[in-house]
Each structure stands twice: as structure tokens, then as C-alpha cells.
Amino acid sequence: MREYKLVVLGSGGVGKSALTVQFVQGIFVEKYDPTIEDSYRKQVEVDGQQCMLEILDTAGTEQFTAMRDLYMKNGQGFALVYSITAQSTFNDLQDLREQILRVKDTDDVPIILVGNKCDLEDERVVGKEQGQNLARQWNSCAFLESSAKSKINVNEIFYDLVRQINRKTPVPGKARKKSTCQLL
């Protein structure tokens, strides 16, 4: 079974843990409890393939920055999360993406831009088109709006990253085996 190392990044309070726990355990975490680092494992089926996801739920961008390079070095796919109710959390993501590309030393990194808390439409300050435009600027990276509370697009975030990783690095052993003939 193929393993995938996914990293959830973004400012404090955007709902990184809520999305991760909703995906892994099917529970909405109401209370805000700042994360230092939590790791979760979940087996899922994506496009008929069994996958083991290892999801690293990280501290907000303003904390524990020394650990961030290590997450980025080891991660294969990244969910960059902002809250649609806080412009500053959206603005923080540009530097985060640049840091990922610098650490990975490539522009071709599986990334999904996630506008979380889309259930709070009355409190929206970051328009959906702002997210779409930023995703286009980022080499047309994937973009979704989500809500951990309302279970909107939660699974899709992680499944999309798995699909991006599969496109970038196809499953080994899928190629047709060459047959050889030996004369003795």
C-alpha cells in the first residue's frame, strides 16, 4: 500500500486541526486549542487504490517556524489553509508557498489552496474569486472552499493531494513488465 505524507499549513485559528480531525475521525472540534504538531494516519481508497495517508497538522505560521523546513522537506503534498473570515490569513500564504518551493527546490509541488470556514458566509472578507485568482497565479494549483463544521469539501482536500502526487510520481510497479526470452 502506498503511503502519502501530507502537510496542513496556515495561520493560527484558520481550522487546520478542525479539517484534519473531521477528515480522520469524522468529528468537528468546536474549541480552539492551538496545535504544536499532531500526526494522524488514515487508510482510504482513492480512485480504486488503497492509500495510507500520514497527515501532519502543524502549528500556526507564526509559531514554531524552526520546525517548518523539516515538514516541508519530508512532505509530499501540502494543503495551504486560510480562513475566509480573516484577510491576514490569506495574505500569509504567499510566503508559505515560496518557502515550500525553496525547500523543495522545484516549482512542481502538489499544493491545494483551501479557503476554510465557508459556512460563515456572513463573516466573509476574502472573496472566492480572490482564492481562485491566487490559485491561478500559483501555476493553476487546485483550489477549494471548505467547512470542517458543515463537512464541505473536507475529503476532497486530501483526495486531491493524493491524485496530484500520483500524477507527479506514478505508482511504482504499474508499468508493464518486459518479458524476456532466454535460450539455454
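Numbers run from 1 along the shown chain.
Cβ from N, Cα, C; glycine included.
Feature list (source: Swiss-Prot):
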type	residues	note
BINDING	10-17, 57-61, 116-119	GTP binding site
LIPID	C181	S-geranylgeranyl cysteine
MOD_RES	C181	cysteine methyl ester
MOTIF	32-40	motif 'Effector region'
Protein Cβ atoms within 10 Å of G13 (GTP binding site), excluding its own: 16
For the motif 'Effector region' (32-40), mean pLDDT (0 to 100): 77
Conformational class of C118 (GTP binding site) under the three-state DSSP mapping: coil
Return the count of C-beta atoms lying within 10 angstroms of the C-beta of C118 (GTP binding site), excluding that atom itself. 20
Hey, of the binding-site residues listed (G10, K16), which one tops the CB count within 10 A? K16
